[in-house]
Amino acid sequence: MNFLRVSKIVFGSVAVFFLLAPLFAILPLAFTNSAFLNYPIPGYSTRWFEELLTAEVWRRSIINSLIIGCGTTLLATVLGTLGALGLRGTQLSPVFSFIKTVFLLPMVVPAVVLGVGMQLMFARYGLANSYLGVIIAHTVVGVPFVVVNVLTVLQGSDRRLEQAAASLGAAPYVVLGKITLPLALPGIVSGAVFAFATSLDEVVLTLFVAGPNQRTLARQMFSTIRENISPAIAAAAFLFIVGTTLIAIALNLSVRVSQRGSRQ
Amino acid sequence: MSVLFRKQMVSLALVAPLLLFLIVFFAFPLFTMMKSAVSDPVATQALPASTNALSDWDRSSSPTSEMSAAFVEDLRQINDDQLFGDLVRRLNSAKAGFRTLITKTRTAVKATAGPIDLTAVDKRWADNSYWQVIAIATSSTITDRNLLAAVDLERNSSGAIDTIPAGASANRTILIRTFTMALAVTAACILIGFPFAMIAASVEGWRRQLLLGAVLLPLWTSLLVRTAAWFILLQDTGLINSTLMFLGLTTEPVSLIFNRVGVVIAMTHVLLPFMVLPIFSVLVGIPKTLMPAAASLGAHPVRAFLAVLLPLALRGVISGSLLVFMSALGYYITPALIGGAKDQMISSVIAYYATGAANWGMAGALGLVLLVATLLLYVVYLRLSAERELKP
Amino acid sequence: MDNSFIRFDDVSKSFGALKVVEELNLDIGKGEFVSLLGPSGSGKTTILMMLAGFENPTSGAIWSDRKRIDKLPPHKRNMGVVFQNYALFPHMTVSENIAFPLKMRGTSRADTSERVKRALDMVQLGALAERRPSQLSGGQQQRVALARALIFEPEVVLMDEPLGALDKQLREQMQLDIRDLHKRLGLTVVFVTHDQTEALTMSDRIAVFNHGKIEQIGSPSEIYDHPSTRFVAEFIGETNLVAGSVHSIDGHEAVIRLENNEVIKVVAKDRLRSGSKVVFSIRPERIGLGAGPGNTLETRISDVVYYGDHLRLLLSGGGQSFVVKTDRNRLPPSVGDSLTVSFLPSDCWAVDA
């Protein structure tokens, strides 16, 4: 019995170490003053952050990531929320369960396969090497997260709340605006965060559809690791981790505030 | 009835924008890719007169004068260099030597205006086999050549399916490598993930929070960041090697990057959450009273585990394995950054054909193989989770 | 038609092949408190949902105040609905919840706050106006739901098992409160419940449903004392069902031969025919111990159950078993004793099998 307990602790600690160590190992390297990504760190400086913000390729890629991420978030959140609203309450119909499967399929299809198809098609219709093309590509893979998140919240909320609102005199669009959407807000927000994070992290589709002008931060990190790795990668990773954490926290807070503030 | 119909119409109107969006920008690209795998319009487009002239030819008698006249006419007409380049590539891929032959012939044809004797330009035009290639290429705009080549098969001159001579192509090697690497990653995920989920389900409070957090944090972290982290750890001067050398376990750095070991380690780290979470959710769903019940009925803890917990947890293991295997099959970034040339999986080859070689046919064909394999696994996964919903 | 306010006219509802409500005809008068009582799956909630507009009849018509309403969307029906789990909006405060229907009707701000204040006072929740529903107890939530359904002075209030989630004491208190509001405001109430006591104590009339059809409709005492079918007799309260055949009919009295050939007298009803098989309902509290006027029966005690305020005896006699409720101070009976019981012919009520 005691042996079991000890082995549980040992295995658990080793596994947790395996999972977390790489993430924490990369963070201090962002502050190295050396040109090499090595431990021990000879001295600390912020030169690699300066490099990120001043070197044209990095600066450009950060701006591109923000433009494309915001576009993707907007498009995916609107389309995905509408889709989830339509899917709800129609679980019985085989047509709609098929549509739901279609909505989730982009999560499953290998990115490279989709990338090849998009490259072929986008080139034919003038979408290649354009911001719109990259936003569309990112939306395709980001939108399932919005659908899943919103649908989960909608299915968890009581249908009778909307019936009650209708019986109290609210027209359907008022029910949507005053009851359904406010209740779905946490799902919409977390769906939007997922969509943004997906766009930020997308490399493969970007490789296929983006031109040199749409090079995103993730794409830039990909080629830096591949071609000539430098501590700028660690600094970018640091920004990534801090950025996504901050966005998640900020949006979570805003949901709480807006729910509390809805009393006019 | 009409009210139900109206409700359905409202639902349909709500899903319509996304459905339309995905049809245009998701289904249509996939369709385009599949079409490129089987379409072969180059020869027909570039050689319209020859297409006509060669359609009646029995492909065994010697080439007729109409055939060569039509071919000469076609070569004179081609002004689009892109199209000509595609044609050369198409014919040369079917028979080596076409590149020099056709370029030489074109120059000769363009130099004069009247009819020309092709065999005088190059003796090879007397050889039936070159004409056969053109005949096959112009006979149809659809081809199974790429699909066959994706699994190292080809049609021989008589049209029967045959294997490509050993060493001519590596596609089958890559398919097998992709499957074995995905299997290795899945096995590693089970080995770590199953005990991990068991432990997480057996403890409570902060210990469970810590274990689950350790799984979820990487899931939320950028894939690129995680891959970069492994790159830094695994390199010859990286933290792992310097630790090993500091401890005196090795004097030379152990080669961990640009080989299979590194790829499997990094991919296991990336995909582990997809194994742990399904198993964990099955395990916490098992009533806490089952093990005591088994014990009260006289089962030794080991027996109780084997007879009660393991069969119930198995469904989570299967779901998790399908998810991990499915994702691993199509992985691109991690092998591309951490693997060496001999660790490239099918995705890298597809990317090479598409962006490097501009061979859309092969990219499409290999893409189709990967797509079909992934979707089949997904259908099995959906079946399993639907079954689970039926019996709570 | 004169007094009918809500009218169901041959209303049927089916979900696919499943018939949930069959050819319902029901009139509800203005100011009436009508309960729809039945086991789950008897169609009573579907009827309420059709009245509120959340379901549409497959066929038939629903009228309210002589206007046909079955095609009207819910928000135009002007009916206050109190839902089973209250359906309070979790993202709004108590006063926002209550003000919601007024807001929907474009009531002025000043008027709204005045009426919300009055409504809160009516349900004694003035102090909790700024709380969220999740911060209220079940009973408080129930009262908010009630205030919200009443504030816009709807013509009809529909209640779908509104007390189901409350514990027994609170439920009884709320029963009295709702009955009081009904009388005070002259509300028309349609009340769905599966609790027979609730229906008996609150209603002007009760409609007992089974398999999508009305088994019987009438005042609580009619339903309890004169159940028309075996289902009603068994569903409302407790009863003894006695089977026999009609031996002879003599004016207002019929003689029934029980299965063990004993005979008893009952009040003759139109449908009794000499020689036909018949089932009677006799309520346990209508059977007296010892010889008395009317029918007497020799029985043997097979079990005695102590209930605190009364004793329940399980008897066998007349070829079957009986349950009898009795004052616990009478005699200390013991199992195996023989016992004479008696009951009046007027307490035997023939029911449709």
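Every residue, even glycine, has its Cβ placed from backbone N, Cα and C.
Caution: TrEMBL annotation is automatic and unverified by curators.
Just so it is clear, the model here is predicted, and its values are computed rather than measured.
Listed features, source TrEMBL:
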TRANSMEM  A:9-31  transmembrane segment
TRANSMEM  A:62-85  transmembrane segment
DOMAIN    A:62-251  domain 'ABC transmembrane type-1'
TRANSMEM  A:97-118  transmembrane segment
TRANSMEM  A:130-154  transmembrane segment
TRANSMEM  A:166-185  transmembrane segment
TRANSMEM  A:232-255  transmembrane segment
Note = If you count CB pairs under 8 A between the transmembrane segment (A:232-255) and each of A:9-31, A:97-118, A:130-154, A:166-185, the winner is A:9-31
Message = Checking distant contacts: for the transmembrane segment (A:97-118), what same-chain residues at least six beyond its ends satisfy Cβ-Cβ under 8 A?
response = 83, 87, 91, 133, 137, 140-141, 143-145, 147-148, 202, 204-205, 207-209
Selected stretch (most C-beta pairs under 8 A with the transmembrane segment (A:62-85)) from A:9-31, A:130-154, A:166-185 = A:130-154
Message = Below 8 angstroms Cβ to Cβ, which residues of this chain, lying six or more residues outside the transmembrane segment (A:9-31), approach it?
response = 37, 39, 41, 44-46, 48-49, 231, 234-235, 237-238, 241
Chain residues outside the transmembrane segment (A:130-154) and at least six past its termini with a C-beta under 8 angstroms from it = 67-69, 71-73, 75-77, 79-81, 83-85, 87-88, 100, 103-107, 111, 114-115, 118, 122, 180, 183-184, 186-188, 190-192, 194-196, 198-199, 202, 205-206, 208-211, 214, 216
